[in-house]
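A.B. asks: First, the structure itself, so that you have it in front of you.
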Amino acid sequence: MLYPLIRKGIFALEPETAHNLAIKALHIAGNPWLNRALKALLGCPQGTEKTVMGIKFKNPIGLAAGADKNGEAIDGFGAMGFGFIEVGTVTPLAQDGNAKPRQFRIVEAEGIINRNGFNNYGIDHLIENVNKSHYDGTLGINIGKNKITPIEQGKDDYIFCLNKAYNYAHYITVNISSPNTPDLRTLQYGDALDDLLKSIKERQKILAEQYNKYVPIALKIAPDLTEAELVQIADTVRRHQMDGVIATNTTISRDTVQGMKNAAEIGGLSGKPLQHKSTEIIRRLHRELKGDIPIIGSGGIDGVQNAQEKIAAGAELLQIYSGLIYHGPALVKTLVQTIK
């Protein structure tokens, strides 16, 4: 009920400034006493348990990567009632990302454009924060490559992060679909994807033996794929027996926001304008995967109806982020109460 007033204050600030303040506030809310108080205030129920990728999720509603890049606010976000939280995207080395301003709201469409460029403090810093958290849900770590790493050696960055994250994550996501790191999306296609997934699965096997536990690995894909590209990706992830696919990342398309303020800004578009595009990718991907590999649906979820559309299209779990900015923690509660 209070959120419309809070949102007014948030939206008076630059998007990145508002985001940084929110992360600081949620970091403070990680204090055990404050955390209990926030949980009581928000009153989110436990939700319905669901087992996906061999993991028991306390409910199927998760926080998408990008919200908490460095794992600074895991417990604060946890108090909202999320069944799982995905931190990152994180890279081997700290990097500043692209020049500011790099986040833009499209308020009339409830959309956000970002061209952040994987700004983060590096994998070691993230792992330190993960170690300090007390969150009782499922934790995913989303990994990427540094901008300075040539795309031909991108695989090395993913393996480096995989080695570091393996013992601290319930699952790991390989992000090859951000539009804001030059050439990154080329890793989604043909031999490049085949080679990357082969190396990742080989390393996963070694790490599973080393730590005596199996940590599932999901692939995060873009919404801007042709039918042929999607068929090829589906074939490759099945062949390499990936544990999950997250569909989707942000879009470079502007079809749904043409003529609106900030719509011409370069970057990935998320939020409501991505809603139908991501659901359609889920539907097509589900058809290709034939239920063999679970899909985590993400992109424009802002209410029960479109959340259920993604489940009906084939998603087993859901992730939100932009919807949280526009609708506040009440959205988490509504989805947790409703989505089974």
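Glycine too: its Cβ is placed from the backbone N, Cα and C atoms.
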A.B. asks: May I ask you to find which of Lys56, Lys58, Lys69 Swiss-Prot records for the substrate site already listed with Asn114, Arg115, Asn116, Gly117, Phe118, Asn175, Asn180, Asn249, Thr250?
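C.D. replies: Looking at Lys56, Lys58, Lys69, the one Swiss-Prot places in the substrate site next to Asn114, Arg115, Asn116, Gly117, Phe118, Asn175, Asn180, Asn249, Thr250 is Lys69.
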A.B. asks: Given that Swiss-Prot lists Ala65, Gly66, Ala67, Asp68, Lys69, Thr89, Asn142, Asn175, Lys220, Thr248, Gly300, Tyr321, Ser322 as binding FMN, which residue among Gly30, Gly111, Gly271 does it place in the same site?
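C.D. replies: As annotated by Swiss-Prot, Ala65, Gly66, Ala67, Asp68, Lys69, Thr89, Asn142, Asn175, Lys220, Thr248, Gly300, Tyr321, Ser322 share the FMN site with Gly271, chosen from Gly30, Gly111, Gly271.
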A.B. asks: State the count of C-beta atoms found within 10 angstroms of the C-beta of Ser178 (active site, nucleophile), not counting that atom itself.
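C.D. replies: Summing over all protein chains shown, Ser178 (active site, nucleophile) has 25 other Cβ atoms within 10 Å.
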A.B. asks: Using Cα coordinates, what distance in whole Å links Ala67 (FMN binding site) and Ser178 (active site, nucleophile)?
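C.D. replies: That comes out at 14 Å between the alpha carbons.
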A.B. asks: With Asn249 (substrate binding site) as the reference Cα, tell me which of the binding-site residues Ala65, Lys69, Lys220 is the closest one.
C.D. replies: Lys220
A.B. asks: Within the same chain, and leaving aside Lys69, Asn114, Arg115, Asn116, Gly117, Phe118, Asn175, Asn180, Asn249, Thr250, name every residue whose CB is within 8 angstroms of the centroid of the CB atoms belonging to the recorded substrate site, in sequence order.
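C.D. replies: For the substrate site, the extra neighbours are Gly66, Thr89, Gly97, Ser178, Pro179, Thr181, Gly267, Gly268.
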A.B. asks: Taking DSSP three-state, what's Lys69 (FMN binding site) in: helix, strand or coil?
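C.D. replies: Looking at the DSSP assignment, Lys69 (FMN binding site) belongs to neither helix nor strand, so coil.
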A.B. asks: Restricting to the same chain and to sequence separations of six or more, state which residues have a Cβ under 8 Å from that of Asn142 (FMN binding site).
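C.D. replies: Within the chain, Asn142 (FMN binding site) has Cβ neighbours under 8 Å at Ala65, Glu86, Val87, Gly88, Thr89, Val90, Ile172, Thr173, Asn175, Lys220.
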A.B. asks: Measure the Cβ-based neighbour count of Asn249 (substrate binding site), defined as the other Cβ atoms within 10 Å of its Cβ.
C.D. replies: 28
